[in-house]
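Student: Residues or ranges marked as active site, charge relay system in TrEMBL: B:Lys139, B:Ser215. Under the heading active site, acyl-ester intermediate, TrEMBL lists B:Ser239. Per TrEMBL, substrate binding site is recorded for B:Leu189, B:Ser215, B:Ile236, B:Gly237, B:Gly238, B:Ser239. Summarising the annotation, TrEMBL assigns domain 'Amidase' to B:83-515.
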Protein chains: 2
Amino acid sequence: MAITEDWQALVDQKLIDRASQIPPAWKLSSDLTELVRPDASISAFDLLRRTTLLSPRELEITETYSAEKLVGLLATRQITSLEVTTAFCKRAAIAQQLTNCLTEIFFEQAIERAKELDEYILKNGRPMGPFHGLPISLKDTFMIEGQAATLGFISFLRKPTATKNSSLVEMLLEGGAVLYVKTNVPQTLFTCESYNRLFGTTMNPHNLSLTAGGSSSGEGALVGIRGSILGVGSDIGGSIRVPSLCNGIYGFKPTTNRVPYGGQQELLRRGWPGILPAAGPHAQSASDLTFFVRSVLLSKPWLRDSTALAVPWREIPRKTRLTIGVFLNDPMFPVFPPIARALQAAVAKLKSAGHEVIIVTAPPLITGVNGATRSLMLDTNDTISKYLAESGEDPVECVRQLNPAALLNQDVYSLDDVWQFIAEREDYREDWGKVWRENQLDVLLCPASRGTAVPHDKYGAPVYTLIWNFLDFPASVIPYEHASKALDTAEMDGFDGAPCHVQIVGWQFQDEEVLSATETIAEVLNS
Amino acid sequence: MAITEDWQALVDQKLIDRASQIPPAWKLSSDLTELVRPDASISAFDLLRRTTLLSPRELEITETYSAEKLVGLLATRQITSLEVTTAFCKRAAIAQQLTNCLTEIFFEQAIERAKELDEYILKNGRPMGPFHGLPISLKDTFMIEGQAATLGFISFLRKPTATKNSSLVEMLLEGGAVLYVKTNVPQTLFTCESYNRLFGTTMNPHNLSLTAGGSSSGEGALVGIRGSILGVGSDIGGSIRVPSLCNGIYGFKPTTNRVPYGGQQELLRRGWPGILPAAGPHAQSASDLTFFVRSVLLSKPWLRDSTALAVPWREIPRKTRLTIGVFLNDPMFPVFPPIARALQAAVAKLKSAGHEVIIVTAPPLITGVNGATRSLMLDTNDTISKYLAESGEDPVECVRQLNPAALLNQDVYSLDDVWQFIAEREDYREDWGKVWRENQLDVLLCPASRGTAVPHDKYGAPVYTLIWNFLDFPASVIPYEHASKALDTAEMDGFDGAPCHVQIVGWQFQDEEVLSATETIAEVLNS
């Protein structure tokens with residue numbers, strides 16, 4: 001099946017419209033852009049350094065501060081939102097040209113909004129809210145009034161633009177945030193890849209020939225290259241954590257429905273009985289993950305969004321000595337040398353920093369993976385495939401392989417599968433409960449993937465992240481170390497310099513504990 | 001179908017064993033016991049006052065104090081656990097003879113345990129925990145090592161006694177509680193009645209001819225007649241609140257899995273995708289509801305039970321002025337005159353006490369009831385009917401009527417029904433979300449049933465409680481006013497003096513707010 005000319009015309013127009021949102025003055029020269037290809041083993045950071053588009057001040061703004069620090073400067077009028085917003089819009093424009101990470105671009109509105117916020121603080125003598133003046137990027141799934149939300153489905157080009165903000169968008173705006181871009185996703189959003197037939201491939205800024213991960217692909221690449229200081233993604237199997245680890249940034253998947261998820265673009269069939277997605281932040285530091293989640297929860301999302309849980313933010317003291325369970329590897333899904341090295345190095349550093357590190361015996365990953373997979377196969381209406389079929393879009397290879405909805409005869413799934421999935425989840429939760437109880441763990445440290453970012457379309461099943469969605473456990477990713485053909489193995493050549501990571505996992509609802517431990521552990525690893 | 005002689009012999013032996021657990025000195029005279037019949041329109045309180053079995057001191061202990069007050073006296077050694085336990089065992093023995101509320105009786109172990117606790121505090125100079133020395137009764141569904149848990153199923157007589165405590169039982173024991181009885185339930189536990197074919201009918205102490213409600217029937221009757229000062233039931237459609245309102249006591253259904261539910265006797269097929277049951281307290285005062293829930297949550301149930309949510313107890317300030325939404329009646333399920341009068345009187349009192357009372361437009365009850373009912377029909381294995389069939393037990397009339405599992409061909413339910421139930425729940429939650437948001441409610445006040453306790457086997461569907469299980473909202477019952485043939489209507493004759501009530505409902509996870517408001521509202525209503 002192929003898309004018709006009518007649809008192709010819509011696609012072409014969409015890409016023209018998107019490109020037109022980048023001011024001519026912010027366009028890169030063609031000698032740079034012609035190097036940008038998903039098979040080019042080059043670094044977007046190198047290309048960025050070869051332009052003079054960003055002024056020293058804009059480099060300072062986009063590279064020197066944390067989001068929380070910027071908000072502090074904005075709230076005390078040491079910097080204007082106009083200056084910050086312009087810097088990030090410009091850098092996002094460059095990021096788009098180097099990595100193809102954006103779906104919707106609305107710099108003009110952003111700059112208008114920034115000016116209004118600068119006037120607001122001048123007039124009122126106080127910031128509008130916790131995000132006053134800060135540009136925040138959003139995954140394409142969020143609805144922003146007047147903007148499209150195509151999710152990379154060609155058929156969604158015929159949907160009207162949003163008439164209502166998602167509840168989180170509404171909260172960010174009331175909190176003083178500046179919205180300026182929406183970011184790309186893979187076809188169907190059910191893979192950890194970065195390609196869809198509408199917008200094409202989002203590339204990894206560390207190496208364009210590697211995947212940016214997914215499904216929050218664009219957030220990963222954009223925050224990775226600091227075209228955004230704080231981005232919001234969503235995660236049903238690894239979709240925040242995988243792009244984070246691929247692009248060398250921090251990411252956090254909260255317990256479901258703590259960060260409000262209401263009012264997103266439709267994707268799942270309504271009434272989904274399986275694993276639920278969670279919205280959460282991508283950032284350049286652990287403390288910015290906390291800054292985001294704390295600020296959102298202190299604004300009491302449940303007062304505006306009936307899907308948000310009324311579980312308030314808890315201020316907890318930082319523990320000076322953590323009890324950290326470590327799970328290095330599941331023999332069925334062996335991790336590759338760079339990740340093994342990063343984990344071992346992390347363990348050594350944490351031990352010598354005085355934390356209690358306990359190597360735990362983990363329940364088999366496959367048990368959780370099988371249960372989670374069953375829960376992802378329950379849509380006998382095959383809703384997502386219909387989105388593809390509507391425009392004649394073919395499923396890409398990784399969708400064929402990974403998303404059973406596109407492949408299997410779903411009628412083999414029945415009511416009994418729901419019972420079985422829930423019972424399996426209970427059992428698996430108890431298996432992990434024993435690990436937590438016997439070792440009195442604060443958090444668990446483990447891989448979030450078998451390797452670093454891999455070439456496009458080769459990510460496979462996100463087994464090390466998916467199991468925590470199955471259990472609804474909060475989990476973060478800390479970028480740590482890089483793949484090295486010298487230190488690892490010769491086969492790692494194509495991955496040389498790709499970011500490595502560790503994953504920090506906590507018990508359901510212990511988001512505060514995971515964020516606090518993530519900050520502590522990141523400090524140790526970065527010291 | 002009828003049970004065979006083999007099974008009947010087991011039933012007979014069980015009843016003999018149960019009776020033998022009541023010491024001869026605590027047996028009522030036959031002139032009293034021969035009056036006890038489920039069709040006798042007499043008060044167990046009257047019968048109790050005609051005995052001299054309870055000493056003035058025992059009457060004082062069982063009638064004068066709250067659980068929290070008793071624990072205070074126990075912790076400061078102003079009273080011994082032996083004295084308290086003996087008093088409640090004795091009164092429970094009388095309650096059993098007057099209302100048939102108990103399934104398992106273990107007074108000897110209780111008295112032994114009380115002595116140990118008295119020694120403990122003497123030796124250690126401090127109480128064992130928050131429940132030190134306090135007798136607590138438990139619904140039959142809880143597992144207590146060495147005790148049976150038949151749930152009133154004849155076929156369960158062949159199950160071994162419990163080899164492991166339920167997690168809540170373990171916590172209560174570590175907290176210093178004295179366990180002494182387990183309490184009766186209706187056949188299948190899926191009705192609000194009080195009869196099963198193993199133990200017979202539990203009667204309402206206010207009027208033996210009225211139902212004690214269900215499914216925590218025995219708790220309702222036992223706490224109602226003060227044979228227990230604090231009892232634990234469970235609620236999947238009203239099973240804590242209905243017995244509470246029938247027997248004129250306080251009851252609280254928390255948000256699911258805050259009070260730990262792990263390790264109960266099997267009843268539901270594993271992997272239940274529908275509404276989940278919640279464990280919670282029955283008490284003689286609103287503050288004892290808080291005392292129980294706070295004490296359990298401060299002991300961090302999630303550290304021992306992987307099904308318990310890691311949502312810690314929040315200490316919140318008591319609000320001096322509550323915003324109370326009021327929902328008096330759904331036209332499709334009209335409430336009877338005594339309840340309408342109680343609600344109106346409560347509204348008037350709350351207004352004059354300075355609270356903001358807003359009559360809200362409620363979403364139709366039937367929407368929630370239909371969604372909830374669908375979610376209760378998903379066991380295509382018909383697990384509970386099999387428990388009946390195993391011994392040849394016939395389903396009783398109200399099971400036939402109310403529990404579709406026993407009646408309908410369940411194969412009409414499919415995977416799509418799960419999707420539909422979840423989508424309907426989301427919609428209904430949003431319908432109520434609008435009510436909460438538009439009125440900025442702290443809590444909602446509404447009926448918990450159409451009427452007071454009714455004659456046995458006439459309760460019908462618990463529509464005013466079930467909808468809050470569907471939404472997983474915490475809800476309490478406050479006993480308030482009594483039916484009166486003088487004040488209500490002449491048809492209320494048979495119900496004269498039966499307790500009326502109000503129900504207090506909060507948003508999911510706002511258990512603390514509901515408990516706090518319940519205390520405030522109870523103070524106003526009792527003033």
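Placed from the backbone N, Cα and C atoms, the Cβ positions cover glycine too.
Structural setting of the listed features?
Tutor: The Cβ of B:Lys139 (active site, charge relay system) lies under 8 Å from the Cβ of B:Lys182, B:Thr183, B:Val185, B:Ser215, B:Ser216, B:Gly218, B:Glu219, B:Gly231, B:Val232, B:Gly233, B:Ser234, each of these being in the same chain and 6 or more residues away along the sequence.
The Cβ of B:Ser215 (active site, charge relay system) has 37 neighbouring Cβ atoms from other residues within 10 Å, across all protein chains displayed.
For B:Ser239 (active site, acyl-ester intermediate), the same-chain residues that are 6 or more apart in sequence and have a Cβ closer than 8 Å to its Cβ are B:Leu189, B:Cys192, B:Gly214, B:Ser215, B:Ser216, B:Gly233, B:Pro277. Taken residue by residue with DSSP, B:Ser239 (active site, acyl-ester intermediate) is part of neither helix nor strand, so it is coil.
Counting only same-chain residues at least 6 apart in sequence, those with a Cβ under 8 Å from the Cβ of B:Gly238 (substrate binding site) are B:Cys192, B:Ala448, B:Ser449, B:Pro462, B:Tyr464, B:Thr465, B:Leu466, B:Asn469.
Note on the domain 'Amidase' (B:83-515): mean pLDDT across this stretch is 95.
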Student: For the binding-site residues B:Leu189, B:Ile236, work out the Cβ neighbour count at 10 Å and name the residue with the minimum.
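Tutor: Comparing Cβ neighbours within 10 Å for the binding-site residues B:Leu189, B:Ile236, B:Ile236 has the fewest.
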Student: Largest pairwise Cα distance, Å, within the listed substrate binders B:Leu189, B:Ser215, B:Ile236, B:Gly237, B:Gly238, B:Ser239?
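Tutor: So the maximum pairwise Cα distance among the substrate binders is 11 Å.
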Student: Where does B:Lys139 (active site, charge relay system) sit by DSSP, helix, strand or coil?
Tutor: strand
Student: From the centroid of the CB atoms of B:Leu189, B:Ser215, B:Ile236, B:Gly237, B:Gly238, B:Ser239, the recorded substrate site, which same-chain residues not already listed sit within 8 A by their CB, in sequence order?
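Tutor: Filtered neighbour residues, in order: B:Phe190, B:Thr191, B:Cys192, B:Gly214, B:Ser216, B:Ser234, B:Asp235, B:Ile240, B:Val242, B:Pro277, B:Pro462.
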Student: At a 10 Å cut-off from the C-beta of B:Gly237 (substrate binding site), count the other C-beta atoms across all protein chains.
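Tutor: Other Cβ atoms within 10 Å of B:Gly237 (substrate binding site): 29.
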Student: According to DSSP, which kind of secondary structure is B:Leu189 (substrate binding site) found in, if we only use helix, strand and coil?
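Tutor: SS state of B:Leu189 (substrate binding site) = coil.
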